[in-house]
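Before any comments, here is the structure.
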Amino acid sequence: MEFECQRGTKIGLKDCSIDCVDYPCREKVDTSFFEPSKNPKSSIFDSEKQKSLWRLDGKGGSLSLKCEELLAVNEVLPDSRSITDLPPALISEILNCLEPKELGVVSCVNASLYRLASEHHVWKEFYCERWGQPILLAPLGAEHADEKSWKELFVEREFRSKTFMGRYSIDTLYGHTEAVRTVSVLSSKKLLFTSGYDQIVRMWDLEEGLSIASSRPLGCTIRAVAADSRLLIAGGTDGFIHGWRAEDGNPHLFDLRSPQNQNMEFRVWEHEGPITCLALDLNKMYSGSWDMSIRVWDRSSLKCLKVLMHNDWVWSLAPHDTTVASAAGSDLYVWDTNIGSELATISNVHAGNAFSLARSHTGKLLFSGGEDGAIRMFEISRNDKFHLRRVATWIPHSGAVYSLAFEFPWLVSASSDGKLSLIDVRKLLRTNRSYVMEKPSKVENRAIEPPQRMLHGFASNLFAVDVGLDRIVCAGEEGIVRIWNFSEALEIEQRVRALRGLRLENRMRRRKLQSEMTGKVSRADQCSVAAKKNQLNGDRNSWRNKRRVTGKQKA
C-alpha cells in the first residue's frame with residue numbers, strides 16, 4: 001500500500017540521501033536518472049524508469065530499489081501492519097480517545113480488536129461517568145448480573161435509557177391525606193419514600209406500587225426526604241432532621257412502624273427555620289433551610305461540620321464530592337464543603353426564586369428550575385479558577401418549576417402547570433475523550449430544541465419528581481403519587497431487538513446459500529465452456545490432420 005510522503009521526509013537529488021526517521025540510510029545514486037531527456041519520445045520511458053526505481057513505502061518514506069534491497073537484508077519488513085502489533089500501553093491510550101459508539105465499531109473489525117475493545121477499562125469509566133456505580137438488577141437475557149462485563153453493563157443501561165420515549169402505564173398510589181411535597185426513589189432496593197403536609201413518611205414498593213410501611217406523625221410538614229441503603233432522613237418545617245438507620249436482615253431496610261428506638265432512630269436540631277432540602281453522600285448529610293443556611297453534617301456522629309450562609313432563603317442543594325451547589329432566592333452558588341468557602345456565584349439566574357436543582361454524576365453539569373418556568377443548564381469547570389458557565393435554556397412550562405431530577409441522559413421537570421417535561425441533553429454534549437465525558441457546547445436560546453416529551457394528565461401544582469431506571473415518580477397538591485411505568489416499552493424493545501436479530505440471521509443464511517448456488521452455477525458454466533473449447537480445438541486439429549494426410553497423398 002502506498003502513502004503520501006510526510007513533511008519530515010527529505011530527498012536530495014544529488015546524493016539521493018533519505019532523511020527519514022524510520023530508515024536513516026544514505027545511498028549515492030547516479031543522477032542521470034533525474035536529468036530531463038531531450039528526446040520527447042524517450043521522456044515517457046525515462047519517467048517510467050524513474051517510477052520503477054522509486055516508490056513510497058508503508059511508513060511514509062521514499063526508498064530506492066537498491067536501498068530497499070539493503071534494508072531487506074538487514075531487517076524483515078512486513079507487507080502489512082496491524083494495530084495489534086503495537087505495544088499494549090499504546091493501544092490502551094488509543095482506545096481511551098474513542099467514544100462508546102466508536103469503540104463499538106472498532107470491536108466489529110476482527111476477533112483480536114473485539115477482545116481488546118470489549119475488555120478495555122474505559123467501559124467502566126463510561127458507565128460511572130453517566131450513572132455512578134452500577135445497580136445489579138435482573139439482567140436482560142442473562143442469568144447472572146455478576147458475570148457481566150463493563151461493556152455489557154453499559155450497553156444494557158444505555159438500552160434501558162431509551163425506553164422513556166416508548167409506551168408507558170400509570171400506577172396511582174393512594175395513602176396521603178394531604179398534598180405531597182417530596183418523593184425519593186431508591187432504585188437499588190426498588191423502594192419509594194414520600195411525605196408532605198400530613199406529616200407522615202410513607203414507604204412503597206416501587207415495582208408493585210404497594211404501601212409497605214408508614215411512620216407515625218412527625219409533628220410538622222415534611223418538605224424534604226433523602227435515602228440511601230444505610231440511612232433515611234426527613235426534614236420538617238420545625239427545623240429538625242428526623243432519621244432512621246437501616247436494620248440488618250430487614251428486606252425493606254427501615255422499620256418505620258416501631259416506636260422510637262434511640263439506636264435506630266434519631267432527631268437533630270440546628271436550623272432556625274423550615275428545612276426545604278436534604279441530600280446524602282458517603283460520609284455527610286446536607287440540609288438547607290429558610291434560615292438562609294446550609295449545614296453539613298457528619299453521618300456517624302451527627303455533628304454539624306460547616307455552616308454555609310446565604311443572602312436569601314435556601315430552596316435546593318446538590319452536592320458532589322467536596323462541593324455543593326445551592327439555590328437561594330434567585331441566585332446560584334457553589335461551595336467548597338471542606339473549608340466552607342464560596343467558589344462561584346451567579347446572580348439573578350431566574351426571574352423570581354430558583355426553586356430546584358439537579359446535578360450530573362460527574363458533577364460537571366448543573367441544572368436549575370425557577371419561578372419563571374425556565375430550566376437552565378450550567379457547566380462547572382475548575383482549572384486555575386472555579387468557573388460556572390451558562391450553556392443552555394429551555395422554557396417548557398407556563399408555571400414555576402418546583403422539582404428537577406436527572407438520570408443520564410434525561411432531565412425531568414415538574415411544574416405548577418401540572419406537566420412533566422423530558423429533555424435529552426445528549427445533543428448538547430460535545431464529547432472529547434481525555435478522561436472527560438462531558439464537554440457541553442454553548443447554544444443560543446433560539447436554537448434549543450423543545451423537550452423530547454411532555455407528560456400530561458394532572459391537576460395543577462406538581463411539587464416533586466424523581467427518576468428510576470424505567471420509572472418516573474411525581475406527586476403534588478392532589479395528595480396522589482403517580483408512577484409512570486416504562487417497563488412495557490422495555491419489553492417491547494427487547495422483542496423488537498430479538499426479531500431484528502432473527503431477521504438478520506435469516507438474511508445472512510440466505511446470502512450464504514445464494515453465494516453457494518452462484519458458485520456452483522459458475523463452476524458448471526466454466527466446465528461447459530471448457531468442454532466447448534476442447535471440442536472446437538479437437539475439430540480444428542482433426543481438420544488440420546486431414547489436410548496433412550491429403551497433402552501427403554498428393555505428393
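Including glycine, each Cβ sits where the backbone N, Cα and C put it.
Caution: TrEMBL annotation is automatic and unverified by curators.
Copied from TrEMBL, the annotated features are:
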DOMAIN    80-126  domain 'F-box'
REPEAT    173-214  repeat 'WD'
REPEAT    268-307  repeat 'WD'
REPEAT    347-388  repeat 'WD'
REGION    514-555  region 'Disordered'
COMPBIAS  543-555  compositional bias 'Basic residues'
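Within the repeat 'WD' (268-307), the DSSP-based counts of helix, strand and coil residues read 0 helix, 24 strand, 16 coil. The average pLDDT computed over the repeat 'WD' (173-214) stands at 94. Each residue of the repeat 'WD' (347-388) gets a DSSP state, and the totals for helix, strand and coil are 0 helix, 23 strand, 19 coil.
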